[in-house]
């Protein structure tokens, strides 16, 4: 009975499931029934809008990416199925239905022990933690190790939500919100490491250009819509399209630049009253401690700098795929949401697209290399879910290329010791620096409050 109920809820998808969770959560916080319904509906509408814009990108840029690969005769055999392909496979895994209550219990335990301020209401994105557990289960054959993977991943991302809370608030202007999920959060530590290194390099540390700088310098020709149009022209030309195809693609990428920030607005309209109510109720009950509502990283995609970086990294990621030694993955399914990978980097670099380019190249290189290493397990996951054609192989950049997932696999089932040492050293250094950076911000805020 429990499994049937959970399966039905999961099949509703995030555009229905998240509003339901939000309505229930809002009611628990003491909001009026009408306000709860309105907030949940606005959030659902916003995510439908995001889905439509992402669908537009996937339908237009996806074929262009494949055409680019064929045009340049790229020898990449395994197609990235992206999160739209990976998430259903994950929910069909043996540990999926148990992973949801486990991840929720981890969150509750961390809140009660004051180890996190993040109150996660984004149940759908627990699939990221579940993916880690599912691959660990396949790699080791141990159900308990798979569950341990869910627990470790969950605890880690809730802390990431805490550590990047200042960036979420100050750069993205999301008051009372945390973004603990997906590539945006777990790629953030790499950006922190890159930013610290750049700060130490004389001359390079002074280079700065942002979406706002481009707009100021070029006027109407530097506006986001125009930048989107130009990026569409470049992608279309690289894909070998004719004039008609190039222009059609350019208008669609321009539309993405205009529409993405606008479809975020209904979500913010729904979240604002909930965040205020949550802060006041939870702080009153738990002695003034500030709490954050954990939500989907899609909220970050509406920022102009993130959209600009996304369009830059669509063709750039295909180039990176060619250059990464041993890579077998052709970027495809996740290209439309490439902004997830660099969104937190944009905030860490304070909108500096030069630094975002550097950290983004490193992030995507690591992602593709890890995605290649997990092809075997990912293919097995797809086969178990009945989502694999005979003789086929699958990969994904989102989660399939996750450092936390791959490092845990190597801990419990070592296969590539040199890679484990190198990736582990880079990632753990980034995590340490992220923790230290967050502590520094807290100390600064305490000094300001004291003054």
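Heads up, the Cβ atoms here are built off N, Cα and C, so glycines get one too.
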For the record in Swiss-Prot, which of the ranges 218-238, 239-259, 260-280, 281-301 is the transmembrane segment one? 218-238
Of the residue ranges 138-158, 159-179, the one that Swiss-Prot records as transmembrane segment: 138-158
Given the ranges 92-112, 113-133, which one is assigned the annotation transmembrane segment in Swiss-Prot? 92-112
Average pLDDT across the domain 'PTS EIIC type-2' (6-435)? 87
Six or more residues beyond either end and a Cβ under 8 Å away: which residues meet both conditions relative to the transmembrane segment (92-112)? 2-3, 6-7, 10, 118-120, 123, 126-127, 129-130, 133-134, 137, 143, 146-147, 150-151, 154-155, 158, 291, 294, 381, 384-387
Is the transmembrane segment (41-61) in contact with the transmembrane segment (357-377), using three or more Cβ pairs under 8 angstroms as the rule and ignoring pairs under 6 apart in sequence? no
Which sequence-distant residues neighbour the transmembrane segment (41-61)? Criterion: at least 6 residues beyond either end, Cβ under 8 Å. 14-16, 18-19, 22, 84, 235, 248-249, 252-253, 255-256, 259-260, 262-271, 296, 298, 301, 314, 333, 335-337
